[in-house]
2 protein chains.
Amino acid sequence: MPRLVLATHNKKKLLEIERIVGPLLPSLEVLTLDDFEAYDEPVESELTFAGNALLKARAAVARTGLPALADDSGLAVDALNGMPGVLSARWAGKPKSDERNNALLLEQIEDVPDEFRAAAFVSAVAFVLPSGEEQVVEGRVPGVILRAGRGEGGFGYDPLFLPDGVDQTMAELTAEEKDELSHRGRALRAVAPLVAAVL
Amino acid sequence: MPRLVLATHNKKKLLEIERIVGPLLPSLEVLTLDDFEAYDEPVESELTFAGNALLKARAAVARTGLPALADDSGLAVDALNGMPGVLSARWAGKPKSDERNNALLLEQIEDVPDEFRAAAFVSAVAFVLPSGEEQVVEGRVPGVILRAGRGEGGFGYDPLFLPDGVDQTMAELTAEEKDELSHRGRALRAVAPLVAAVL
């Protein structure tokens, strides 16, 4: 059975990826980094989601010898020129904290009128093979940033993000609804056929 | 003697503007908002320096009946897509704190390699007349963001900013050196002839 490694240590992100990828690629054995000896994850020094996703997937291939799938994702807020972007998880500094990140974002755009609070969740998924072959696809969900969080599901900025055309925040959706709609779901569904074609 | 009002309550900014504008416009009586009854300053809700500068100058004209000069300025960091930008003074939230703003910026771009730490200080100066005539000019200084602050002068992000071609941070320069080089100095020297021509 061909094997694929998911190159993330973020537990919640891993759960989402496994949940989406499993049914899409039933003939693969999907491993995680926990199945291998620990290694230092690379510093996410790139300025784009695609750059960081590639960096993480390449590192996983180098350490495991297996094909790897990695996601880099975040929230691009119009009024912040697309930031927090690649810095979404560490927006308020370290240690990483969803609560501090959400609070900081709300304070920063407090004076931004409702009509300028558009944003998008973006996910770049990189697929890298030991041969060196690389693919990156991007998924994107447009929406707006609310003035207070709603919902207990998801993680990151999910409670603040109301996708266009939906009445619930990303944190108020069920897991299935979120996967159907989400940036990560979109990117993973786009990359799955590319993976299936070569493994 | 024609009169002009400087539309800012920021003491340090006011000092800089008075220092630069005084010698440029010796035939004007330059007033500050302290010379008038207090009023609520407008919320800086615009997404551009020019938009906020105009908003502040218009409010001052409305309340004083005099021609007004207003500055909106900040630091545009490449790795943050031009942010903190118009949010520079309130980047870490309220209450405004240079110390917290500087610390947050350093943490956010901690993983950004030296070659991608370019930034620019930008100042938009708006000149608004009671007749409704409006002008905006912009001054800009390119440089890089250091990994730790240097110097005790200036304010805001000055200690972190090394202008291109200079060995001292903006906070290590004398007041005269800063005015000669700074974004605000550049914008004010550009607007002065426009003011002199109509007052």
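For all residues, glycine too, the Cβ spot is worked out from N, Cα and C.
Quick caveat, the model's predicted, so the values are computed rather than measured.
Some features that TrEMBL has for this protein:
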- A:Asp72: active site, proton acceptor (ACT_SITE)
- A:Thr8, A:His9, A:Asn10, A:Lys11, A:Lys12, A:Lys13, A:Ser73, A:Phe155, A:Gly156, A:Tyr157, A:Asp158, A:Lys178, A:His183, A:Arg184: substrate binding site (BINDING)
- A:Asp72: Mg(2+) binding site (BINDING)
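All features noted in TrEMBL, drawn onto the structure.
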{"residue": "A:Thr8", "record": "substrate binding site", "Cβ contacts under 8 Å, 6 or more apart": "A:Leu14, A:Ile17, A:Thr32, A:Leu33, A:Lys56, A:Ala70, A:Asp71"}
{"residue": "A:Asn10", "record": "substrate binding site", "Cβ contacts under 8 Å, 6 or more apart": "A:Ala89"}
{"residue": "A:Lys12", "record": "substrate binding site", "Cβ contacts under 8 Å, 6 or more apart": "A:Gly154, A:Phe155"}
{"residue": "A:Asp72", "record": "active site, proton acceptor", "Cβ contacts under 8 Å, 6 or more apart": "A:Glu44, A:Glu46, A:Phe49, A:Ala50, A:Gly51, A:Asn52, A:Ala53, A:Lys56, A:Val86, A:Ser123, A:Ala124, A:Ala126"}
{"residue": "A:Ser73", "record": "substrate binding site", "Cβ contacts under 8 Å, 6 or more apart": "A:Lys13, A:Phe49, A:Ser88, A:Phe121, A:Val122, A:Ser123, A:Ala124, A:His183, A:Arg184, A:Ala187"}
{"residue": "A:Gly156", "record": "substrate binding site", "Cβ contacts under 8 Å, 6 or more apart": "A:Gly74, A:Leu75, A:Ser88, A:Ala89, A:Asp98, A:Asn101"}
{"residue": "A:Asp158", "record": "substrate binding site", "Cβ contacts under 8 Å, 6 or more apart": "A:Gly151, A:Thr169, A:Met170, A:Ala171, A:Lys178"}
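According to its DSSP assignment, A:Gly156 (substrate binding site) is coil. Between the two most distant C-alpha atoms of the annotated substrate binders (A:Thr8, A:His9, A:Asn10, A:Lys11, A:Lys12, A:Lys13, A:Ser73, A:Phe155, A:Gly156, A:Tyr157, A:Asp158, A:Lys178, A:His183, A:Arg184) there are 21 Å. In the three-state DSSP reading, A:Asn10 (substrate binding site) counts as coil. The local packing around A:His183 (substrate binding site), expressed as other Cβ atoms within 10 Å of its Cβ over all shown chains, amounts to 26. When secondary structure is read from DSSP and collapsed to three states, A:His183 (substrate binding site) falls in the helix class.
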